[in-house]
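*Asks:* Encoded as structure tokens, here's the structure I'll be asking about.
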Amino acid sequence: MIVIENILGQDVLTEVAAALRELRWEDGRNTAGATARRVKRNQQADLSSRTGSKVREVLLEAVKRHPVVEAYARPLKFAPPLISCSGEGDAYGLHIDNPVMGKGDARLRTDLSFTLFLSPPESYDGGELEIETVFKTESVKLPAGSMVIYPSTELHRVTPVTSGERFVFVGWIQSAIKDAAQRAILFDVTNLKAGLARRFPPGSPELLTLAKTESNLIRMWSDI
């Protein structure tokens with residue numbers, strides 16, 4: 001799991017907040033799997049309108065182009081993302097995301113899930129994203145514009161919202177590196193390369209060797 005801060009700037013957040021008020025909303029259970037449908041209680045934005053499509057494009061592009069998302073997730077495909085709103089009394093009980101999403105050529109395996117927070121945490125009470133890891137339950141409630149990426153293999157829930165409204169942008173990633181341990185190794189290598197680039201000149205033997213190692217690991221492990 002990783003938290004990435006400031007995916008969105010304040011100008012974008014303000015524009016998105018205004019656009020969300022123009023969208024049509026429907027029962028969030030319409031897109032839930034059979035198990036999750038029983039415990040899901042929220043509203044989901046209809047993104048088929050021009051405004052909805054624009055908001056989705058802006059948010060998804062911000063996620064895709066962030067260098068930490070690329071280094072950590074190694075995205076191959078993104079499932080169609082959602083925007084959800086949880087008002088007073090809404091919650092999403094403990095569930096697991098669908099292992100496969102989409103149809104036909106658009107089908108993908110869900111390796112990683114992400115939640116990009118669109119509401120300031122002080123604007124609502126409750127609404128924590130709780131992720132059940134092997135060792136403990138991680139509780140996540142981030143500033144607007146920040147996001148969390150976590151394994152789709154983990155059970156998770158959204159606690160009841162007791163006041164205010166919680167808006168989030170939610171999506172799923174199929175990674176080019178299927179194995180989570182291999183992704184973690186590559187993330188370490190990428191961070192090491194960035195650190196050494198501040199100490200060694202471009203084209204140095206150290207950086208070239210590390211770049212070769214990173215490339216060959218990707219070549220060996222990529223599931224493409």
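Note: Cβ is positioned from N, Cα and C throughout, glycine not excepted.
Residues or ranges marked as Fe cation binding site by Swiss-Prot: His95, Asp97, His156. What Swiss-Prot records for Arg166 is 2-oxoglutarate binding site, and it gives sequence analysis as the kind of evidence. The domain 'Fe2OG dioxygenase' annotation in Swiss-Prot covers 77-175, and the record cites sequence analysis as its basis.
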*Asks:* Provide the three-state DSSP residue tally for the domain 'Fe2OG dioxygenase' (77-175): helix first, then strand, then coil.
*Replies:* 6 helix, 55 strand, 38 coil
*Asks:* If you average per-residue pLDDT over the domain 'Fe2OG dioxygenase' (77-175), what number do you get?
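*Replies:* That stretch averages a pLDDT of 97.
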*Asks:* List the other residues in this chain whose Cβ sits within 8 Å of the Cβ centroid of the Fe cation site residues His95, Asp97, His156, in sequence order.
*Replies:* Ala36, Tyr92, Leu94, Ile96, Ser113, Ser152, Glu154, Leu155, Arg157
*Asks:* Cα-Cα separation of His156 (Fe cation binding site) and Arg166 (2-oxoglutarate binding site), in Å?
*Replies:* 17
*Asks:* Measuring Cα to Cα, tell me the gap between Asp97 (Fe cation binding site) and the residue listed as '2-oxoglutarate binding site' in whole angstrom.
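*Replies:* For Asp97 (Fe cation binding site) versus the residue listed as '2-oxoglutarate binding site', the Cα atoms are 20 Å apart.
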*Asks:* Return the residue, from the listed binding-site residues His95, Arg166, with the maximum count of other C-beta atoms within 10 angstroms of its C-beta.
*Replies:* Arg166
*Asks:* Can you grab the distance from His95 (Fe cation binding site) over to the residue listed as '2-oxoglutarate binding site'? Cα atoms, rounded to a whole Å.
*Replies:* 19
*Asks:* Just name the winner among Asp97, His156 (the binding-site residues) by count of other CB atoms within 10 A of its CB.
*Replies:* His156
